[in-house]
Amino acid sequence: MEKLASLYHHHLATLQTRAQAVLARHKLDALLIHSGELLTVFLDDHDYPFKVNPQFKAWVPVTQVPNCWLWIDGVNPPKLWFYSPVDYWHSVAPVPESFWTAGVEIAVLRNADDIGQLLPAQRERVAYIGYAPQRAQDLGIRADNINPQGVLDYLHYHRAYKTDYELACMREAQKTAVIGHRAAHEAFLSGMSEFDINLAYLTATGHRDIDVPYGNIIALNEHAAVLHYTQLDHQVPSDVRSFLIDAGAEYNGYAADLTRTYSAQSDGAFAQLIKDLNQEMLALIDTMQAGVRYTDYHIQMHQRIAKLLKSHQLVRDISEEAMVEQGLTLPFLPHGLGHPLGLQVHDVAGFMQDDRGTHLAAPTQHPYLRCTRVLEPGMVMTIEPGIYFIESLLAPWREGECSQHFDWQKIDALKPFGGIRIEDNIVIHEGRVENMTRDLNLA
């Protein structure tokens, strides 16, 4: 914890510097960052699971407490009003005393509605950051200072550059996720259902379903062809062929996001395709470096997918270059190579080219790519290529002049396996790339 405290101290200094810059740019006195509020289920008496404002947990690792407030002026230590009511109906989080609290001024907020009396009276030039705009208006925040776009753009853009504290937290999240993946793989090998595999993952990670940073994808057989499959079937298929798990973990608000695909049989075309995709993915990561646009690596992955489709004779009698140019790889890999990762699984500002919000969209042919930025030291990205057998995407190719290039018999034989996705989390450094996932020996 001493090391984490030191890293957090420097992290806080970085955030303070960013705050000074954005406040000066927009002629503001302070940022008022809200952890969030509970939302009651319609016509009921209980609340939806609380999800904290990511801009709040960037400053303090308080992730499960609503009605908290941060006052940031970039000069004085951040002031945290920590919500700690007297309540015998619900558990109340204790007032924090941890590695990070020495750098933050903490005051206890017993009643959520009292915050208006406790904040500094002058709020004319204060920007509210949060998802309760009506609360901000009630506090006297000007409408144009409620989530002002220029402030958000600046904060989001710079979140791409992770501090050493953030990287330390993300490495810890990796460790937890890897433990979960190994437990889930064992559950798969023992013949469990999707539902029970998910329980094994959650038990191993110490997470609840509402704690994981993104809904776990636990897919057997054809279910792996649904990119965001979260159904969790209770029944084990009569013939188990494949298992895809896309699941992460969280540490101090920072996410891990890992995917692995397994074949029930160690030999056969599908098992070999997994091995070969894994090799191509690692080979691509070996080429990655700062100074190159992420889009370029996405295109290069499609070239590698073309190579695999040809070597496995799923597509034939056409060059790899022509396959990519004519879009024949797209039905097999319909999503992007990956995305920024951090406080959110799909972290912000993937398209921002500067801290004023200049937007560079994904290429027209690849609309689902989530990042077009030039890679720079401190960025954390997922690398998650796939090869899927999705009938709705393949169907248009069954007709027309390109149909002759597809070996439909081999493709249809692989459809019952659903598809493959393999995902690692990498850090861009000056002169090297750190693969946090493989460093923990998750094959």
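Cβ from N, Cα, C; glycine included.
Of the residues D239, D257, D412, Swiss-Prot places D257 in the same Mn(2+) 2 site as D246, E423. Site annotation (Swiss-Prot, ligand Mn(2+) 1) includes D257, H339, E423; from E222, E376, E384, the additional listed residue is E384. Using the Cβ center of D257, H339, E384, E423 for Mn(2+) 1, the list of other same-chain residues with Cβ within 8 Å runs, in sequence order, D246, L258, T259, G338, L341, V345, T382, I383, D424, N425. Within 8 Å of the centroid defined by the CB atoms of D246, D257, E423, the record's Mn(2+) 2 site, lie the Cβ atoms of I217, A247, G248, L258, T259, T382, E384, R421, excluding the listed residues themselves. Ranking the binding-site residues D246, D257, E423 by Cα distance from E384 (Mn(2+) 1 binding site) puts E423 first. For the pair formed by D246 (Mn(2+) 2 binding site) and H339 (Mn(2+) 1 binding site), distance between Cα atoms is given as 14 Å, rounded to the nearest Å. In sequence order, A177, P213, Y214, D246, G248, L341, V345, T382, E423, N425 are the residues near D257 (Mn(2+) 2 binding site), counting only same-chain partners six or more apart with C-beta under 8 A.
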